[in-house]
Amino acid sequence: MKLPRDAGIVVLTGAGISAESGLRTFRDADGLWENHRVEDVATPEAFARNSALVYRFYNERRRGLAGVRPNAAHAALARLEAAWPGDFLLVTQNVDDLHDRAGSRSLLHMHGELLKARCLACRAVRPWPGDLDADDRCPTCRHGRLRPHIVWFGERPLEMERIFEALDTCGLFVAIGTSGHVYPAAGFVAAVHPRAHTLELNLEPSQVVDAFLEHRTGRATELVPAFLAELLAE
Ligand code: APR
C-alpha cells in the first residue's frame, strides 16, 4: 500500500491493544464480561439500581491502571502521530490512559475515561484519579453526585461528529485490537470513504473482518510497530 504523505489517517483501538500491558479485554477467555454481567455494572439502569456495585467495579479498574504501562503498540502510535505529515486521529474505545501516557495527543476517548468523573447535576467532567463513591460531590457546582465518566451500554458514544468527519476524509483507516462486536465503532470501517485503504490488525479475525480491504493477525506489540515502519519507509 502506497499512501500519499498528505493523506489523513484514522486509527481505532480496542481492548486488544492494552492486553499486553496486562489489562483484561472484554470478550476473550477470562475477559471482563465473563466475570461480570454487563447489565449489572455497565448500564444506566445498573447505576440506578445498585450504584455501590458500579462504583466498586470502576474503582477496581481505576486502581488497576497504577500497575500497568503503555506497550510497544501504544508507543508506535504516538510516534506515528508525531512523524506523519498529514492529518492523524486516534480514536480509542479504551477507558484506560495508556495512549495518553504513551504521548498520543490527537486522541478521542469515545467510550469515556476511567480517570475522570462526571457530575449528574451540572455535567462538568473532572479528572478523578482516586476512588469514587456515592458520597463524593461535584467540585464545580458543589452539590451534584458524581458518576464514572464512562459511556455505558445504551448511551451515546462521545465525539461522534468529529470522528465521522475524519473517517469521511481519511486515506487510511486502521482498526487495532477490537472484536467488532460493539457499534458504532464496529461500523466505522463501512463509513470510511471508498477511496481509502482499510486495515485490521488483531489477534484473530474480528466480527467485521470482511469489510476491510486487508487484515493481519498477530499481537499488537508486533504488528503495530512493523506496520508503522512500513508506512514511514515508503
Ligand atoms: N494484540 C492484538 N489483538 C488482541 C490482543 C493482542 N495482544 N489480545 C486480544 N486481542 C483482540 C481479541 O482477539 C479481540 O478480538 O482484541 C479484541 C478485544 O475485543 P473485546 O474484548 O471485545 O474489546 P473491544 O473490541 O475493545 O470492546 C469494545 O465493548 O464492552 C464494551 O465498552 C466496551 O470499549 C469496549 C467495547
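Keep in mind that glycine also has a Cβ here, set from the backbone N, Cα and C atoms.
Please treat TrEMBL annotations as automatic predictions, because they have not gone through curation.
According to TrEMBL, the active site, proton acceptor annotation covers His111. Summarising the annotation, TrEMBL assigns NAD(+) binding site to 14-33, 93-96, 177-179, Ala220. Here TrEMBL flags Tyr58, Arg61 as substrate binding site. Sequence annotations record features per position, and here TrEMBL assigns Zn(2+) binding site to Cys119, Cys122, Cys138, Cys141. Taken from TrEMBL, the feature domain 'Deacetylase sirtuin-type' covers 1-234.
Of all the recorded positions listed here (Arg61, His111), the one with the fewest other CB atoms within 10 A of its own CB is Arg61.
Taking the mean position of the Cβ atoms of Cys119, Cys122, Cys138, Cys141 as the Zn(2+) site, the remaining same-chain residues with a Cβ inside 8 Å of that point are Leu120, Ala121, Arg123, Ala124, Pro139, Thr140, Arg142, His143, Gly144, Leu146.
Model confidence over the domain 'Deacetylase sirtuin-type' (1-234) is summarised by a mean pLDDT of 95. On the backbone, the CA of Arg61 (substrate binding site) and the CA of Asp30 (NAD(+) binding site) stand 15 Å apart. The Cβ of Gly14 (NAD(+) binding site) lies under 8 Å from the Cβ of Thr25, Thr92, Gln93, Asn94, Ala175, Ile176, Gly177, Thr178, Ser179, Ala185, each of these being in the same chain and 6 or more residues away along the sequence. The Cβ of Phe26 (NAD(+) binding site) lies under 8 Å from the Cβ of Ala15, Leu32, Trp33, Ser179, each of which sits 6+ residues away along the same chain. For ligand 1, the neighbouring recorded positions among Arg61, His111, Cys119, Cys138, Cys141 are His111, by Cβ distance under 6 Å. DSSP assigns Arg61 (substrate binding site) to a helix. When the binding-site residues Ser18, Gln93 are scored by other C-beta atoms within 10 Å, Ser18 scores highest. In the three-state DSSP assignment, the secondary structure recorded for Cys138 (Zn(2+) binding site) is coil. Nearest Cα neighbour of Cys138 (Zn(2+) binding site) among the listed recorded positions (Asp30, Tyr58, His111): Tyr58.
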